Amino acid sequence: MKRSIIVGNWKMYATSIADAHILTTSIRNHVADIKDVEIILAPPTIWLSEIAQILKQSRKTRLAAQNMFYEPDGAYTGEISPLMIKEVADYVILGHSERREYFSETDLEVNEKVVAAIKAGITPIICVGEKTKGSTIGQPLKELQEALAGISKTHHKDILVAYEPIWAIGTGKNADPAYVAKVVTKLREVVSVHTPILYGGSVNSSNIASYADRPEIDGVLVGGASVRAAEFVKICKIWSETKSLQPRAKEVK
Ligand code: PEP
């Protein structure tokens, strides 16, 4: 069966350990019975260890870091290495547009991080997307090709891709699901059938069903709405219910 994945990117929200605790516990308790969807929480890195403890008994919810450095160790003040992330999380978001914009991350750095994540046994969630609505899909395609430079196809099952048009992130202007499906189909040519491709950009409980309706889309990356527990849980439930109404996708060989 095809995987269904929902990632909650907390960005730099949940600014106290108490808030992070309440949010995690509430999500953990309410998603336990949701079927056939993998849930990944990406809190601020400083809360990862604490949250890993809260989720210890939960087989449903996994953890992601929001970023990492590509060197395994060394004199890199302020950075966090793949080996450190691996202790507490299974996934890492890489190449998020906010990192590309505010921290000048380049395609080459994203590629170095993707290589380092795979080497460390962490699944990278590679974010790609165009800046302007209506532009060609050249930018996300190029970003994905460059992120995967030098990575053999055998590793494509070890990555996740998130198509996140920048104009849709945090703007309330979510992309048309039919358009997203078209872009996802194009991105799919670069990766393997085993690579889940998600959509991200102003996803909420009112529009989630329209993405779940598209068989091309394997999940969503949720930003702002993921730090409101009830809203995030609702997104996960609607996704699961909508997918369950569709004919079961065959096992991909
Ligand atoms: C994101 O953080 O990648 C994101 C998609 O944010 P939002 O859902 O708030 O648009």
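Glycine is treated like the rest: Cβ placed from N, Cα and C.
TrEMBL labels come from automatic prediction, so no person has curated them.
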Residue among Ser49, Ser135, Ser192, Ser202 sharing the substrate site, where TrEMBL lists Asn9, Trp10, Lys11, Gly170, Gly223, Gly224 as binders: Ser202
Those residues of the chain, 6+ apart, with a Cβ under 8 Å from that of Glu164 (active site, proton acceptor): His96, Ser97, Cys127, Val128, Gly129, Tyr199, Gly200, Gly201, Leu221
Site of maximum Cβ density within 10 Å, from binding-site residues Gly170, Gly223, Gly224: Gly223
Shell list (substrate; ref centroid = CB of Asn9, Trp10, Lys11, Gly170, Ser202, Gly223, Gly224; cutoff 8 A): Tyr13, Ile169, Val222, Ala225, Ser226, Val227
Assigned element (helix, strand, coil) containing Ser202 (substrate binding site), judged by DSSP: coil
